[in-house]
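Have a look at the structure below before the remarks.
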């Protein structure tokens, strides 16, 4: 990057995007002002910090302050990407520039009035020495040493006086003279007891004087040491006086308020103007092609982002709705499948029970020895299944006439044949003889015992329609019993085609697909019912999907 390119970038532009030389020159001038402001700010901050901190710390502070002021100045010189008026942003930029200029002006005032600031700080330190804790302690120690020295001087003086007084008494006791004090001596010459006492007092006073004089040197040395300690404490307190940026700014403020206030105001104005200069140059430069290009690109990008966001939101809504519908569909399908399985299992078990019951003959079997009477044959013909067309059968079945069993010779027997006990001899004759002699209900019971039960088979078709187009036909066979005279019942022989066909129909869903049948398909003939038309499902219309309503409906009339 060239110097012009660097200045252009600092001025808020880009060399590759600016083709007009006039616009490029305007950006370069603004960049030069930004660089100048950053350099001055760094130097002022480093000099202000050097008066209180080490040189390496002051250098670091100067670099940081220069970078910050350069970044803020470039932000002031750069136009808004979207273009257009922005009063709030303009006020914010103006406030930032004024704040930066004011701070740098205060730092410059500290550097400019550094001598006066040091003098004011020294005066404050001198005034505060006597109140420093260490100085107060050293001064108290020195005062105590001086007091001890004064007490020692008094002790020496008192010892000297005692020596003089004892010497006078001792001399006067030994040799009284007219000038001797008469009240303190006996007046008897010679070395008597009083003379010896006076000599002892003189010796004691001399010893006290010698002791006091021996303590003089120690007291003097203590006083000298305390004076040195006091001086060191005062020096340390003076050196420990606060001389940081805060104290220097306070000292500068105290000095300039009373002595150099106009110069300080000029300094503030100059630095604020220097901080506002990049913003003023941008206003003078006006709107350039580079600014218009940036504004158009910003608007286009914002529109693209808004469109992408709207598309993403709509896609998310579509996915949400699709997932909800899919979940509801799965839930409905699962519910219908469970209901269908339950209905199928219920009907299958019901048809199996009916099929199992339909193959058992209930009642007392007729004696095989009795020949078939015409009336019994007619009753059996009447009680047989009617030859009517059942329209809802699953498929037409070829009618086969029931095979006529070959007449068998009636075995000779004289009693009734019971299913479990067997033939009881002469029971029929005894029943006929007792019948007139008993009440009617007993006669009816006896008549029932003598005449075997006649089994009547009636077949009807029951259709159950489920709204989800699953249709199931159920055929129920009911065996009725009455007490008419003896008739020959119809009981298919085990293993006959009729039994196989009945079991197949009873255990198979009528309208089910053949591959889902529970029993293998069989071609055995049925009960001789006539062939009906094939009806798979509702003939009117098809329902490929579930209906809207859950109501159960009957099939349309035919």
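Any Cβ shown, glycine's included, is placed from N, Cα and C.
TrEMBL: automatically predicted annotations, no manual curation.
Note on the coiled coil (135-162): residues 129, 201, 204-206, 208-209, 211-213, 215-216, 219-220, 222-223, 225-227, 229-230, 232-234, 237 of its chain, located 6 or more positions outside it, place their CB under 8 angstroms from a CB of the stretch. Annotated coiled coil per TrEMBL: 135-162 (among others), in sequence order.
The coiled coil annotation in TrEMBL covers 195-222 (among others). Long-range contacts of the coiled coil (195-222) within its own chain (CB-CB distance under 8 A, at least 6 residues past either end) are made by residues 145, 148-149, 152, 155-156, 158-160, 162-163, 165-167, 169-170, 173-174.
Annotated compositional bias 'Basic and acidic residues' per TrEMBL: 367-384 (among others), in sequence order.
Residues or ranges marked as compositional bias 'Basic and acidic residues' by TrEMBL: 548-558 (among others).
Annotation source TrEMBL lists region 'Disordered' at 367-388 (among others).
Taken from TrEMBL, the feature region 'Disordered' applies to 519-558 (among others).
Within its own chain, the transmembrane segment (25-49) has Cβ neighbours under 8 Å at 4, 6-13, 18, 57-59, 61-70, 73-74, 77, 100, 104, 107-108, 110-111, 245, 248, 274-275, 277-278, 281-282, 284-285, 288, counting only residues six or more beyond its boundaries. Annotation comment: TrEMBL describes 25-49 (among others) as transmembrane segment.
Taken from TrEMBL, the feature transmembrane segment applies to 55-76 (among others).
The transmembrane segment annotation in TrEMBL covers 88-113 (among others).
Remote same-chain residues near the transmembrane segment (261-284) are listed as 11-12, 26, 29-30, 33-34, 36-37, 40, 69, 73-74, 76-79, 93-94, 97-98, 100-102, 104-106, 108-109, 112 (criterion: CB distance under 8 Å, separation of at least six residues from the stretch ends). The transmembrane segment feature in TrEMBL is assigned to 261-284 (among others).
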Using Cβ atoms and a strict cutoff of less than 8 Å, what residues sit near the transmembrane segment (55-76) while being 6 or more residues removed from its termini?
10-12, 31, 33-35, 37-39, 41-43, 45-47, 49, 93, 96-97, 100, 104, 275-276, 278-279, 282
Just to confirm my parser: what is the rounded mean pLDDT across the coiled coil (195-222)?
78
